[in-house]
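Going by TrEMBL, these are the annotated features:
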- 42-476: domain 'Peptidase S8/S53' (DOMAIN)
- D51: active site, charge relay system (ACT_SITE)
- H114: active site, charge relay system (ACT_SITE)
- 272-359: domain 'PA' (DOMAIN)
- S440: active site, charge relay system (ACT_SITE)
- 552-647: domain 'Subtilisin-like protease fibronectin type-III' (DOMAIN)
Amino acid sequence: MKQKDGFISAHPERVLHPLTTHTPSFLGLHQEMGFWKQSNFGKGVIIGVLDGGIFPSHPSFSGEGMPPPPAKWKGKCEFKASECNNKLIGARSFNVAANSSQVDDESPLDDDGHGTHTASTAAGGFVSRADVLGNAYGTAVGMAPQAHLAIYKVCFGPDCPESDILAGLDAAVEDGVDVISISLGEESVPFFQDSTAIASFAAIQKGIFVSCAAGNSGPFTETISNEAPWILTVGASNIDRSIRATAKLGNGETFDGESVFQPKDFPSTLMPLVYAGSNGKQDSAFCANGSLAGIDVKGKIVMCERGGGIARLDKGQEVKNAGGSGMILANQEADGFSTSADPHVLPATHVTHAAGLKIKAYMNSMNSPMAGLLFRGTIIGDPLAPAVASFSSRGPSLASPGILKPDIIGPGANILAAWPFPLDGNMNSKLTFNIESGTSMACPHLSGIAALLKSSHPNWSPAAIKSAIMTSADLMNLKGTPIVDQTLQPADILSTGAGHVNPSKANDPGLIYDIEPNDYIPYLCGLGYTDEQVGTIAHRSVDCTAKIPEGQLNYPTFSVALGPYQTFTRTVTNVGEPYSSYAVKVVAPQGVNIIIKPDRLYFTKVNQKLSYSVTFSSSKGKMNTTFTQGYLEWASNKHTVRSVISIKFV
């Protein structure tokens, strides 16, 4: 073959199969064996979802085959009794903030799809023959399909007022949930002004795990939401599935992009190609509402720019309204290679920034540029997955720079999950799903995984579950190279946190970094908060006589603002084999010396605690970078327990 003209490459043919919504298999969860089965698919665990409500009749929320909720459950169902069941055990609506006369429906019914999507991602049951407009066909299932769901509607339209979130969180704690999932966020504020941080502190005091979305303000730094150290802060990555739509230019060049809408009857002939911003107006380049009125786009493929505060689907609607036949949506530089598969209203493809530049160069070089769109369907097997999504918010944390955030990344780009209404207008269809992207989608993956761990280890504290998830995370992609971001360069730990979740490894972490709720008090005092401010968070009066620096909290990662030198202490608890020894390995950040004492830990029983100290000091020479990173690992013959390290030179 290699001798033939035009040969590029060859590899053994892979056999592709109809797949699930794919994240379970991508995360190594298999129905017949392994961690999923060992954890009983989350049986007996209650996940409380604070979001925009739920569509109760969706098959993902069927009670068939589900046991009744645990005896401790005290919640209620504000739907008709028949709409709740052993899967959907509770549904409540909290509209404390709004004037009730302005809201049509006080029920927990989902009116925009976000709440249904996140709930089914965490704990939706098995639904066969799922697809979105004919793509991503297979069995849809959440992370913890045997867990119970309790829904707290705190969002009405795009607004989720803090008072509603606070009321919903307090209710979830009272009702007896085990895990709380919050795919909502806002800009960083001090913890004593952050209702989610305050209410979730009450939750962890009762042993309830809280998982929150990191925010969608990436790829810019210092954009993290929900950054309290007692919360698992979840960033978003892609999976190895794309729903391929290819732009073909008149010169024969092709550029692969994505779209869920894959029309079977779109002509394969080339059409005139026009740039929406050819009139020099920024609004037109972004295909804003009404901006294409004076441009001749009839029967043409229109190239629009991503961004400008305009939803991707709305750009397609503007092209369609103006008479365009198709759309090429090109990334801005910040979004790089991160694309989304969306249910566009017309034939379209979403391409990378690099592709967009080449398409523009072609258009500028031709008097009559032409293009076509080719729809190739679902493709599995991107070796660079998981990669950090461009939109995923980045650290460092503003509220507490000494705690590395995000904590973890998980699947959040192009995720298929339940949806209240059909995308194709077929109102008779009950099997309605949609593909969505956001840290909103990553968060419930981690909430469901936390439920599996809770089912498998009922006595683990929220901090123990969090530690298990973080110290076992993956730093490599499917190709076996470091995880990349939207630039296709290795991602830094301000984007990945501890790495990409690996549920099976988290089930058997070897050692954990545990934190008791009271341990957070001296940490909060050390942030410079007053007694009263710490008391607001702790729900009791506090005397800030004891203070510790942020870095002394027994956190599974390190975020250090490095002067001459600093020493931190960590305590690990043995949850592996009774007799076990661990040796430390250090990959020191550039420009940093690290000394660890002792460099071996010997355990003789389960739940035994041992401490070690880490001293960071600057090595000689001026660094030409603000941040540098590395990690330390405790390894036995069976376990590897990794703590990533972020260093800021001050």
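Backbone N, Cα and C define each Cβ position, glycine as well.
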Surrounding CB atoms that lie within 10 Å of the CB of H114 (active site, charge relay system), all protein chains: 23
The domain 'PA' (272-359), counted residue by residue under DSSP: helix, strand, coil: 24 helix, 18 strand, 46 coil
Whole-number mean of pLDDT values that fall within the domain 'PA' (272-359): 94
Secondary structure composition of the domain 'Subtilisin-like protease fibronectin type-III' (552-647) [DSSP: H/G/I, E/B, coil]: 1 helix, 60 strand, 35 coil
